[in-house]
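One structure is given here, and the rest of the page talks about it.
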Amino acid sequence: MSEMSLIMLAAGNSTRFNTKVKKQFLRLGNDPLWLYATKNLSSFYPFKKIVVTSSNITYMKKFTKNYEFIEGGDTRAESLKKALELIDSEFVMVSDVARVLVSKNLFDRLIENLDKADCITPALKVADTTLFDNEALQREKIKLIQTPQISKTKLLKKALDQNLEFTDDSTAIAAMGGKIWFVEGEENARKLTFKEDLKKLNLPTPSFEIFTGNGFDVHEFGENRPLLLAGVQIHPTMGLKAHSDGDVLAHSLTDAILGAAGLGDIGELYPDTDMKFKNANSMELLKQAYDKVREIGFELINIDICVMAQSPKLKDFKQAMQSNIAHTLDLDEFRINVKATTTEKLGFIGRKEGMAVLSSVNLKYFDWTRL
């Protein structure tokens with residue numbers, strides 16, 4: 001059995017997919033798509049090493065200790081070149097995680113022809129009449145190239161060292177004069193590029209798990225500036241001491257959302273040692289944090305917030321706070337609840353030295369079946 005490693009390309013921006021979630025993080029059952037695709041291929045062969053390119057290594061590492069991860073580049077070729085630095089096996093298989101349903105039959109066809117050329121690649125024939133600039137092309141000569149592809153590692157590295165932009169491994173090796181061998185591709189190995197492609201693939205649907213997060217934040221009164229809660233001005237001069245605008249509710253809610261998704265906390269994302277967050281709009285930071293959560297495949301179910309303050313009274317502001325949160329997070333207002341309480345004059349809150357906020361949220365996997 002030939003020594004071979006596997007590279008899975010999962011660092012793309014999913015621009016053409018055109019949704020809030022990156023397609024590599026769509027959930028198939030409980031697995032993100034990148035993991036589902038990698039598990040599928042890795043079950044077919046005892047790979048020496050499995051390398052996954054990533055735009056979020058810290059998060060992806062939470063799913064498995066069996067793979068190596070490397071930060072992707074700006075292009076496919078750059079990502080592949082970086083991943084190849086970790087490969088020393090004679091052969092390397094490269095695939096896009098967006099090709100989720102590669103079959104064992106296709107995999108075996110690639111392996112069976114390993115000695116035929118420098119790169120073995122699956123390809124589909126074109127059945128329909130094909131035009132280029134209104135001129136009919138000879139469809140018998142057209143091939144739709146797919147992945148996974150198997151290449152001789154040293155030759156693929158040499159091909160990519162030309163620093164030219166190739167959209168797949170076979171064209172890079174062909175440009176070096178290498179021999180390409182085509183095997184029959186399959187419809188199931190078509191790439192998930194546009195959200196409409198989801199309807200063409202028989203994929204497992206997301207599980208119905210719920211993820212709960214809590215956030216707690218405290219700030220001291222003392223700044224002669226507006227007191228903001230959820231971006232709503234509560235008082236013109238009772239501001240809270242903070243590196244940002246002091247919106248303690250926004251900070252608490254941000255932490256709750258990050259926690260439910262497993263993305264750390266607000267201090268990691270927006271450190272108070274970074275001057276670019278000085279006097280920052282906390283509701284804008286909340287939106288950015290939720291965008292990151294949505295990118296990795298989650299969406300909010302509901303929010304419950306308890307503001308603890310002896311003063312000022314907040315009854316008349318709760319509706320405005322709920323509305324502003326709904327607008328910022330693109331969430332139905334009936335899914336948001338803001339409560340206010342005192343501490344019956346006990347503790348630092350009762351002494352009117354500061355205020356605190358406790359937020360709880362529930363997240364679920366993004367339901368891509370609605371697309």
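From the backbone N, Cα and C atoms, a Cβ is placed for every residue, glycine too.
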Checking Swiss-Prot, the member of His243, His251 that binds divalent metal cation with Asp217, His219 is His251
Compared by Cα position, which of the recorded sites Arg16, Lys191, Thr342 is the closest one to Pro271 (4-CDP-2-C-methyl-D-erythritol 2-phosphate binding site)?
Thr342
Around the recorded divalent metal cation site (Asp217, His219, His251), other residues with Cβ within 8 Å of the Cβ centre, ordered by sequence, are Val218, Leu240, Ala242, Gly246, Asp247, Val248, Leu249, Ala250, Ser252, Ala356, Val357
